[in-house]
Each structure stands twice: as C-alpha cells, then as structure tokens.
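TrEMBL has this to say about the protein:
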- 34-56: transmembrane segment (TRANSMEM)
- 77-100: transmembrane segment (TRANSMEM)
- 120-138: transmembrane segment (TRANSMEM)
- 145-166: transmembrane segment (TRANSMEM)
- 186-206: transmembrane segment (TRANSMEM)
- 242-270: transmembrane segment (TRANSMEM)
- 290-316: transmembrane segment (TRANSMEM)
- 337-356: transmembrane segment (TRANSMEM)
- 362-385: transmembrane segment (TRANSMEM)
- 401-422: transmembrane segment (TRANSMEM)
Amino acid sequence: MEPHSQSWLGQLGPGLVAGAADDDPSGIATYSQAGAQFGFGMLWLLLFTYPLMVGIQETSARIGRTSGRGLAANIRLYFPPWLLYGVVSLLLFANTLNIAADLAAMGDALRLVAGGQAQWYALGFGVLSLLLQLFIPYQRYAHLLKWLTLALLAYAATVLVIEVPWREVALRTVSPQLSWDNLNKAYLTTMVAVFGTTISPYLFFWQASQEVEELRADPDAEPLKRAPRQVRPQLRRIKLDTAVGMGFSNAVAWSIMLTTAVTLHAHGIFAVESSAQAAAALRPIAGELAFALFGLGIIGTGLLAIPVLAGSAAYAMAGAFNWRSSLELQPRAARKFYGILAAATLAGVGIGFLPLDPMRALYWSAVVNGVVAVPVMVVTMLLATRRGVMGAVPLSRRLRLLGWTCTLVMALAVLAMFASMVS
C-alpha cells in the first residue's frame, strides 16, 4: 500500500518499534540512575540527543529501503571481512549482555509484584519471547510489537501522579548547567551510558532490517534505487516514522529520569540497585499507583525489547554470512538465522543465572553499547555515501550533518569517559 493512502498512524512501523525498544529495562535502569544520582542535571541530554538519534536512525532505515539489504549485508559487499566480522562480533556481544540484563530486570520486577524467584521468571520471559518469534509470522508479529509500545505510556502516566516543579524542570531541560567541576568520572560515565542506551547500535541494524522485511511483504514494492516513483512517498514515510518513534522514545526516557529525580534524588536516594528497586523506592514516596505503573512498564518494555535485541543480532549474522533471513520464513527454512536468534536469547537467560549485580549489568551494558556504537556509526555513515548502496537516492545534507554530528558527539563522550578513568 502506498504511504499517501494510509493515515499517519498507519505509516508508523519500524521507526516506532525501534524507538520504543530503545526504552528497554537497561534504558529504564540507566535513566533511573541518572535521575537519582544527578537530579535534573541530565534532562538536557534527552533534548540534545533527539535530532542526533533521528539522523542516524533515518540513515539506517534509508540504507535498508534503498538498497533492499540490511546493514551487515551491505558491509559484507563494500568493506573488508575483518571489519565486517569485528562489527558483527561487537554487536552480538553487546546484544547478548543487554538481553541478560533486560531479562534479569523483568524477572526482578515480577518478583516484586508476585513473589517467587526472579531467575525463573527471567527464564520464562526468555522462552516466551523466543516462542513468539519462532511461531508467529512477521506481519502479525510486527502488529504485536506496535501494540506493546503502549506499555511505555506507563511512564508518562507516572509523571502525572507525582508533584513536579515544572518551571525548574523546563529550565534545566533546555539549559544545562555544566562546569569543569561537575564533569567528573561519574558524570561522564553516566553520560556515555545515557548516550549508549539512547543511541544503540542494535537499533541501527533492526530498523534497516525491518525496512527490508516491509519491502519483501509488499509485492508492489522494490528497493528505492530501482524504483524512482516510490522514492518520494517512501522517504516521507520513513522520515515521519523515525521522527515520531524517536520522539516517543526520548519523551519516555525524559519521563523516567524526571520521575526518579523528583522522587528518589529529592529524598536523598542517589543510587539505584536495579530498575525494580527504582519501582519499589517509588512506593513509599509516590504511592502504589506510581510503583505499579513503573514496575509493569519494565515488564512490557522488556517483552518489546528482547525480540529486537535477539532479532537484530540474527539479522546481522545472517547478513554477514549471506544466510536466508526473515521473520516471515518458517524456522526450518532459515535454520541458521533462527539458530542465532535462539542462541542470543538463551545465552542471555544463562548469563542471568550467574551471580551478577543486576543493576551493574544493566548500567554497564548501556556503557558497552555507547562504546560499540562509535565504529558502527562510522561504518553506517560511510555506507550511506556509497553509490552502490544508495544509487541515485543520496542522503540529504540534513541527514549527513546529523549523522556525522551524532558520530562525533558519541566518540568525544567515549574518549572523555576513558580519559576520566585514567586521570
């Protein structure tokens, strides 16, 4: 169906799901910790990262739709094998760690509500997520993921049930109060964690791959470099989808950070041991409703994010080795693709049974994502300049500026973090 014949809501898809999956339990923990530790001091980051996030995600989506291939498949064609395997290995490592941290947080959240063992709940969530991906066709599964994005409204609702000094919040959001004194190791590491969980490499691979899936699902669609009549409406749809999805993502992240700043930080709680503990800490301060909304949001966003994390790893591996890959295919028709998807999920479940601190795992998985994102963004932006990838549909000046600015900002943040660690 042509985008102009759909409502604006009907045009939302890969970008909306990517944006919502960005607010996974790892992200919730990172934003919660940032709000608890620094109060309103990091709210500005969510406004600052929005256009950068749009730039790199829209670039990834355009690569997928224009070339008809995912990021890894394009890297395989245009870059040396060592770079391809390096990027895919980093992604697989970061995603598996992220899956483990997310499942642990989901199990912990359900334990708060129902009692019992968090590890067994995490195992159940992992198996459920895997079964949904194995046995539900892509089109139905994509609709399910879109509906799961509604779980994020829990965090917007939480802001509405607590008292917020809106004038101060607005000022700190648009006007950061930075000095050399507060740019210390803790602040810089948390900044990289916020960048890493907001601008995550798995989302680049996921959105590009989902554009390819949408292309395959429409018999009238072709890669844009071979279908000039489809270029304008499809690029308009991608722009809308990405802008709304990333805006939704950052608004939710801002709500989470604001909630813990107003409640935990203001009451002297500066460290959050887990995303579930952040929910529990809200109970005596903000009441049962805030606690319930925060806890249910962790589970709902986890159910959305685990398939995206495992799926993006599987798409990357399949693209790297030229395997058949599609969530529309039956498992027996794409054994290697589904094998990686299952392995990443089950490895995440297994890591959850190790004696790890859940919050540290969540927080450091965000830091790892921030570090891994830098080389992935460089390669993504280089791909977007290749005529063999983009044909006669080059990136606009706006996207080139935003994409390279995003890459530079992330690289500088990572370098500043490492410099603070050795100084």
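A Cβ is built for glycine as well, from the same backbone N, Cα and C atoms used for every other residue.
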Other parts of the chain folded back onto the transmembrane segment (337-356), taken as Cβ under 8 Å at six or more residues beyond its ends:
92, 95-100, 102-104, 107, 119, 122-123, 126-127, 129-130, 133-134, 306, 309-311, 313-315, 317-318, 323-326, 329, 331
Is the transmembrane segment (242-270) in contact with the transmembrane segment (401-422), using at least 3 Cβ pairs under 8 Å (sequence separation of 6 or more) as the test?
no
Short question: which residues 6 or more past the ends of the transmembrane segment (120-138) have a Cβ under 8 Å from it?
99, 103-104, 106-107, 110-111, 144, 213, 217, 299, 302-303, 306-307, 310-311, 326-328, 331, 338, 341-342, 345-346, 348-349, 352
Which bits of the chain, at least 6 residues beyond where the transmembrane segment (77-100) starts or stops, bring a Cβ under 8 A of a Cβ in it?
24, 26, 69, 126, 201-202, 205, 306, 309-310, 312-313, 316-317, 320, 344-345, 347-352, 356, 361, 364-365, 368-369, 372, 375-376, 379, 382-383, 386, 388-389
